[in-house]
Structures are given as structure tokens and as C-alpha cells.
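As recorded in Swiss-Prot:
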REGION    1-20  region 'Disordered'
BINDING   Thr60, Ala61, Thr62, Ser63, Asn77, Ile78, Ala79, Glu80, Thr81, Ser82, Ser83, Ser84, Ala111, Arg117  FMN binding site
Amino acid sequence: MSDKPNAVSSHTTPDVPEVAATPELSTGICAGDYRAALRRHPAGVTVVTLDSGTGPVGFTATSFSSVSLEPPLVSFNIAETSSSINALKAAESLVIHLLGEHQQHLAQRFARSADQRFADESLWAVLDTGEPVLHGTPSWMRVKVDQLIPVGDHTLVIGLVTRVHAEEDDESAAAPLLYHEGKYYRPTPLGQ
């Protein structure tokens, strides 16, 4: 699996400063070195979908994380320059899909131009609550948007999980899809 997506959200942390106009960040570190270090950290691949009121919106994100078990909270972040940012900020709920190794095509599709993401209607349906949901995803969670926190050049989204779905069939129970050094991977266990 070596195809590169057109765009994938990157990790940020609350103490990361905004990018300065020069190749150096405001802390004096080289922006290229910072990006290179982050590329070396593998991440699970998710697709976030929501209903904007005028149609479905979705994007690929690698910044997903669990935050709390009680209450069940999750997080991800989105760039302020994303074509999906305004719809996300207006959304009350969304669905986070944890992609399987067999779903690289979805990661790439939702990293493309917004008008192409939902073009193939055979790939998704609509939940009774209105959010688009992708077929064949090993796990997905319906999330109520709890907090939107501006952090540097991104917005950190904290969501309360209100519904969890896990597929039982063999294909959907496949290993998760990972993103590392600009490529997609499947995890393999170390020798035991």
C-alpha cells in the first residue's frame, strides 16, 4: 500500500505555536524538521462525516484519540484552512469511522476535493439521526460535539460518544489502516 493521499490532517498538540511566515516556527525550530518528526509517528486513519444541512460533509483525519471512558469522550483536530471547517463548527453531531486496512480507497477519497467525497452513493447511507455513515467500516461512533477549542492553526474537537457500531464479519474485522511517512500500512504483530 503505497499511494499517497492528496491531504491528510496532521497531529497537533495544545502547546504547538502557530506557523510563522518563515521556514522557522516561532520557537526557532525548523518547520520542515517538525513536520518530518511528526511523519515518523504512525497514526490510525479515520474518516469524519456529518450533515451540514445542505448535504453530507466528510474528511480524512489521523488525529483521532480517546479522551475519557466515563463519560465516553473522543477527540480529533481539523485545520482552520480545511474546506470542512465551517460545517464542522456548525454541526451538533458527527460520525467517526475507524478505517480498516481494506479501506485505503476511502481514506484517499475523503482527502480529495470536497465535491468528490460523496459522489459514489453506493459507499454510504444516512443514519436515522441524519449523519452519513460509510459501509463496511470495522467500527464507527456517532458523536455529539461537546467542545470546539481553537489551538494554533487547528480546532480541537471533543465529542461525547452516543452510539458505537462494530462490524462482526471477517472482512470488516480486518486490521486497522495506518498512515506513516506518507504511506498507508497495516499493522503486523511482533514475534512472540
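Every residue gets a Cβ built from N, Cα and C, even glycine.
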Task: Structural state of Thr81 (FMN binding site), classified by DSSP into three states - done: coil
- [ ] Mind checking which of Thr60, Thr62, Asn77, Thr81, Ser83 has the fewest other CB atoms within 10 A of its CB? They're the binding-site residues.
- [x] Thr81
